Amino acid sequence: MNIANVIVDVPASSINQTFDYLIPDRFQDILTNGMRVIVPFGPRKVMGFVVGKTSESNFSKLKEIHDVLDLTPVLTEELLDLGKWVANDTISFYITALQAMLPQVLKAQYKKEIVRMTAGDLSNELESLFAGRDVITFEEFEASALTYYQLQKAIQDGDISIEYLVKSKITKKHLTMIKPVSELHLLEESLQDLSKSAKKQEQLLKYFLENPEPVEKQSLLKKLQTTSSTLKTLIDKSLLVSDKVEVYRNPYDDDSISRTTALELTEQQKTALTPIKEKVNSEEHDVFLLHGVTGSGKTEVYLQAIQDVIRKEKEAIVLVPEISLTPQMVKRFKERFGSKVAVMHSALSAGEKYDEWRRIQRKEVQVVVGARSAIFAPFENIGIIIIDEEHETTYKQDDQPRYHARDIAIYRGKTHKCPVVLGSATPTLESYARAQKGVYQLATLSKRTNDKAMPKVEVVDMREELHAGNRTMFSRSLKERIEQCIEKEEQIVLLLNRRGYSTFVMCRDCGHVKECPHCDIALTYHKNSNQLKCHYCSYEELMPKVCPECESDLIRYFGTGTQKVEEALTQLIPQAEVIRMDVDTTRRKGSHEKLLNQFANKEADILLGTQMIAKGLDFDNVTLVGVLTADSMLHLPDFRSSEKTFQLLTQVSGRAGRHKLTGEVIVQTYTPDHYSIELASVYNFEDFYAKEMNMRRTFQYPPYVFLVLITVSHPNKIKVAQTTQQIVQLLMSNIQKDTVVLGPTPSPMPRMKDRYRYQCMIKYRNEPQLRVYINKILDQFADDVRKNDLLITVDMQPYHLM
Ligand SMILES: Nc1ncnc2c1ncn2[C@@H]1O[C@H](COP(=O)(O)OP(=O)(O)OP(=O)(O)O)[C@@H](O)[C@H]1O
Ligand SMILES: [Zn+2]
Ligand SMILES: [Zn+2]
């Protein structure tokens, strides 16, 4: 087995082909599947992953592996297999799928150093290589006569350690710990031996007689006001021991977190938890959809299911959407499971992410709470996978590999024979339909744990406000309620429901929105051409001068920023203290958490923000939730716009009255009778589901069909249009009768960074060979892609239809 199959980091090369390399003798003993290697590729040296070993190759004159980057594999066999599946399922490069599973640090530029961990105990060869130093470069080792095997052994014995320096930033931290020799009476005896002049040494030894625990060197020196050389004398006399230990940057201060224990469950929680626990204990795979209204105690169900998993010495993955949910969720998991919890999300620094990942890899934790990519946590004995707020679109990755974390969860759940729990107050239609069919097990929590009714929702018709002469963006009712709240020192959450790039056109008099006659999708306004276009089927018409329904000339396109709202708000209600939370105010690391803490500490009356404030937050003093423009999401050029509106309204309403105080919600809208607004205001998920499923059936959208979005981009508009047309034709000649190809049509974002963008969409029910056709088509354009700057992206089951 002296040949390695390597997947190289050259995504442009033929899709999932491995390359064969000779394994030099010095790597024979250590090279394992899942390790990263450096290999020659053409004139360059590139990184790659070893995915197999063989003794024969179809190629002669193989090149040798140049270097091995890991001493233990960074990817398990399971993850290597999973990567293959992801690549195939999402039509991505295998290498890209593998890299998606690793923290950034392991993909970046690196430099290695060897660090000495103990004072004695090195082999003679190593001793002479270090020559009295603490750190040597990896190149020095390679130039020496030492073998990799010797190196690895020394690492395993804890004598040395390898540090990866990333762009000259150290990713690991070592602390020197000082501890007494094990027999303390020896210390006592040696106190008498010390010469009178050795006062400082005596002080040190006395300290350890009282505090025998290891202590970090610098803090010890500081505490005792003594010097390194005094310490060294005692170490040289073998009375004290100095050890280097690797410490992790801990983004959360575990010591300051108070611990909680399991709560007495409500009857509904018990009923939901029991079958999940059964699967955990019988080690069987199943998927549960936990449909629980906001504040119904879903998190407590997760926590207690995980308790069982930990008891069985297995591991748990908990996914939470980026990032707003993270601080409060993480806190609840840390409070329950303490240092057994690792956290992975985008607000951590690269070094912190790497540290958390290492804790998982070394099995030092049993629970990971993280965003989408945490689904690839290198656990090997998973007992449960939980996806909280399963309806969130952040679980779908927008770049290659365009995977959905739910699909990965279910795939890994099958491999590990463990249950997968999808939780939400507003499940996706896809998941709920599967639960209806019995593919998933449905568990329902219909009541809040405090037994309080859901907050009452008042829907305000903004057309009437306009007719009554109120031209501001705050209805009279909302203004009044905000003022009352501030008076009572209660708090308010205000949601400006604004999303995205496109604008829809609406009549401010009658609320009429122009939709595509063929697609049931709001038309998008294009300023340059003064046209309205459908981004599904390319229907277009001129922007009307008056409303086609009521002939009012107040027909306008929509879109307002949070900053503008904040200004208007403080003008209208000058006494209001406002915290604004949007992409601008939360860009800096930790700012998100800081703003939420300020609000929790009642430093402001109003939390004003975009979508990011709608979910998961749990503040006891919030009694009023206001939604400024419930419509803006309703008219996105997206077949999910009604679903998203329903979800958002339900989620944000759930922020009010979660504890002792009773809550209230005011929803402002120009279309008060739209079913998603009407049904969200009475918390009627079942009717919404039925109604929306009907629409989906009529217009043939998921879950009735599957979608594929193919987007083509290039600086030349004609080339883009032609290529997309060719793709459509190629698809048409291959597909089944009931499969539909829509387009070519300009993308909702028709031009981006000087590139024109066209798209086509496939709607299919059963198309077993579809991936094969698509790959063939991609192959046909491969030359054009490589040489002529053409870009073709394929998104299977797309979420963002841009
Ligand atoms: N069995 C219980 N007894 C008492 N309190 C509980 C119980 N279960 C949960 N709670 C409390 O009820 C509140 C709401 O629970 P939790 O946040 O878990 O609900 P949720 O369903 O996850 O809500 P959301 O979907 O709105 O985030 C929390 O403060 C939680 O501590
Ligand atoms: Zn009108
Ligand atoms: Zn259309």
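Each Cβ is built from the backbone N, Cα and C atoms, and glycine gets one as well.
In TrEMBL, annotation is done automatically, which means it is predicted and not curated.
Note that this is a predicted model, so its numbers are computed, not measured.
The domain 'Helicase ATP-binding' annotation in TrEMBL covers 279-445. The Zn(2+) 1 binding site annotation in TrEMBL covers CYS507, CYS510, CYS547, CYS550. What TrEMBL lists as Zn(2+) 2 binding site is CYS516, CYS519, CYS534, CYS537. Marked as domain 'Helicase C-terminal' by TrEMBL: 542-696.
Rounded to the nearest whole angstrom, the C-alpha distance between CYS510 (Zn(2+) 1 binding site) and CYS534 (Zn(2+) 2 binding site) is 22. The two recorded residues, CYS507 (Zn(2+) 1 binding site) and CYS537 (Zn(2+) 2 binding site), show a Cα separation of 24 Å. Same-chain residues with CB within 8 A of the center of the CYS516, CYS519, CYS534, CYS537 CB atoms, the Zn(2+) 2 site residues themselves not counted, are PRO517, HIS518, ASP520, ILE521, LEU523, HIS535, TYR536, SER538, TYR539.
CYS537 (Zn(2+) 2 binding site) sits 23 Å from CYS547 (Zn(2+) 1 binding site), taking the CA atoms of both as reference points.
Here the binding-site residues are CYS507, CYS510, CYS537, CYS547, CYS550; the one with the fewest Cβ atoms within 10 Å of its Cβ is CYS550. Listed in sequence order, the binding-site residues among CYS510, CYS516, CYS519, CYS537, CYS550 whose CB lies under 6 angstroms from an atom of ligand 3 come out as CYS516, CYS519, CYS537. The two recorded residues, CYS534 (Zn(2+) 2 binding site) and CYS547 (Zn(2+) 1 binding site), have Cα atoms 18 Å apart. Annotated pair CYS516 (Zn(2+) 2 binding site) and CYS547 (Zn(2+) 1 binding site), C-alpha to C-alpha distance, rounded: 15 Å.
Look at the Cβ of each of the binding-site residues CYS516, CYS519, CYS534 and count the other Cβ atoms within 10 Å; the largest number goes with CYS534.
Ligand 2 lies under 6 Å from the Cβ of CYS547, CYS550, out of the binding-site residues CYS516, CYS519, CYS534, CYS537, CYS547, CYS550. The Cβ centroid of CYS507, CYS510, CYS547, CYS550 marks the Zn(2+) 1 site; residues of that chain outside this set whose Cβ lies within 8 Å of it are ARG508, ASP509, GLY511, HIS512, PRO548, GLU549, GLU551, SER552, LEU554, ILE555, given in sequence order. According to its DSSP assignment, CYS534 (Zn(2+) 2 binding site) is coil. Recorded residues CYS547 (Zn(2+) 1 binding site) and CYS519 (Zn(2+) 2 binding site) have their alpha carbons 20 Å apart, per Cα-Cα distance. Comparing CYS550 (Zn(2+) 1 binding site) with CYS519 (Zn(2+) 2 binding site), their Cα atoms are 23 Å apart once rounded. On the 0 to 100 pLDDT scale, the domain 'Helicase C-terminal' (542-696) averages 86 in this prediction.
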